[in-house]
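Shown next, in structure tokens, is the structure this report addresses.
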Amino acid sequence: MYRLLGPLACLALAWFFTWAPSGRCRCRPWETCWPSVADWSALNESMQGNLIRIRPVASVCHGSEYEAAACANVSNMVVDSGWRASNPRTLQDWIWETGNTAQESCFDTTWPGYHHRTSDCHQGRIPLYSAIVESTSDIQSCVKFANHHNLRLVIKNSGHDTAGRSSAPHSFQISTSSLKTISLHENFVPRGSTTGHGPAVTLGAGVMQWEVYAHGVKNAYTILGGECPTVGAVGAFLQGGGVSSIKSFTKGLAVDNVLEFQVVTSNADLVTANENENQDLFWALRGGGGGTFGFVAQATIRVFPDDPVTVATTTIKAAVTNTMFWTEGVRELFRLVQHFNDMHIPGQLVMTRPTTDSMQATLELHFANTTDEAHVTRLLNSQLRPLTLHHISTSTLVRVQERESSELRTKPDIYPPHYGIVAGSVLISAATLRKAQGQSHVASKLSQLPLGSNDIMFTSNLGGRVFENSAIDISLHPAWREAAHLITLVRAVEPTIEDRDSQVSYRNLGDPQEKEFRDRYWGTANYARLAAIKAKWDPHELFMSKLGVGSENWDEEGICRKSLGFVERLSAILKLERWKN
């Protein structure tokens, strides 16, 4: 009898594993809930043929998928940031295209030591399908489809992300790359209001920074945007807070300047969020993070005059072994920033290691509405004497730009070969820098960070208007209103999981393994409020973003809820193995 019970128990257990409920997980390709070919075809037809089945971009360089001409094209284009931004098969930070191991990867042909023709291309974290939406009705159709089939939904804007939020295994992607509307308003009146808020621009979800900058050049305006030209203007940059390294000091954060959102919610409704309508959603989208509360189809943002600016640059250089580079040089540059901030002049400090034997730090100051080059030179030189006393090599350059937009980059970046990045950042409070030894303390701490030859460390100047806008209620951590700088370290890495960094405060440049993300990014009170708004607008958590509001309820990839039982987890593993085989 016992001999019989063994096989019967195994059969019963196997039957249970096969048919165990998967309601706590998103549907995956090996499960019966996965959309049929007919389902995908119907969605494609409703979108005028803009649904595509995708493979990693380098698949044409591997195994049976190899195509010589297509592979050569990938090798040529793979370093182009603009190409990566518009391509649903790629991300900017390449490390997030792969899985946890090299066996879950699909590298391009230029990667050294990798045998492409004889190796298979693995999907990794690249979604299985991408919908290239062209209208709000397309977005609504995709949201309904994802809801109906319980799919893991991801949104790809430009793919700039330090935690891989634009992709996930076995997922369905909505790409914003065709939503390029740009409309300029002389005096924007938000819906539900009778009062104009001055000049503004409405941007579609797929507009990149360089595109709105170029439009601004033609129409004599600028916006509060980031420095990287291929970052999306409406996506996670804006919804995550939006920091400009130079302009935030005089114009605030991006979320301080957004006037209205148009949002497709998780039940596929199209709603407006501003100070008059759906105020809770408006608050959440002003710092609560992208891809979390709904699909932002467009946003309207305040614009500023394209005024002249005089840019003054001071560069110091020293040998790596010269400790005075940090203790005196960098410390003095921080003092200079503080001095000019007190005169309402913003600045950014950038530290690099141009060679293995040398260090370099550059301070760039922006004198707005100033064209008197001689005056700026005198102001700068009057503050540089301490650097010369310490025999630190110093050079300066002052140049006048007729328009502030001349300083904005309107060309996509070209990355170095085999280049991937991780980033970490931390806020430095104004109170810390104003202490007697505050600048020395910060310089000393920065000197302890290992800076490689392809790494870059830079400050984003806060304070100023960011502090003055304290009355504006946003969902970012309250510490932003008290900070003097955001300090960011960007490190070059190979595309592997193991080299990812830690310890940050800005979600847009955050640690993908941050355990205390709720407190670090938003603070206890703000997070509780955000969680309640998330529960109202997205009760089934369709919009799930890594280290985003509500993500603590899910596994790392947003596939299964953490409350999934042992039996259900084992069932999922067995199904996956059968699907692979």
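Using N, Cα and C of the backbone, Cβ positions are placed for all residues, glycine too.
Among the features that Swiss-Prot reports, domain 'FAD-binding PCMH-type' is placed at 122-306, with the record citing sequence analysis. Taken from Swiss-Prot, the feature N-linked glycosylation site covers Asn44, Asn73, Asn369, and the record attributes it to sequence analysis. Here Swiss-Prot flags 1-25 as signal peptide.
Where Swiss-Prot records a feature, it is marked here on the structure.
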| residue | record | DSSP class |
| --- | --- | --- |
| Asn44 | N-linked glycosylation site | helix |
| Asn73 | N-linked glycosylation site | helix |
| Asn369 | N-linked glycosylation site | coil |
For Asn44 (N-linked glycosylation site), the number of other Cβ atoms found within 10 Å of its own Cβ: 16
Close in space, distant in sequence - Asn369 (N-linked glycosylation site), Cβ under 8 Å, 6 or more apart: Asp307, Pro308, Val309
Distance [Cα-Cα, Å, rounded] between Asn73 (N-linked glycosylation site) and Asn44 (N-linked glycosylation site): 27
For Asn73 (N-linked glycosylation site), the number of other Cβ atoms found within 10 Å of its own Cβ: 14
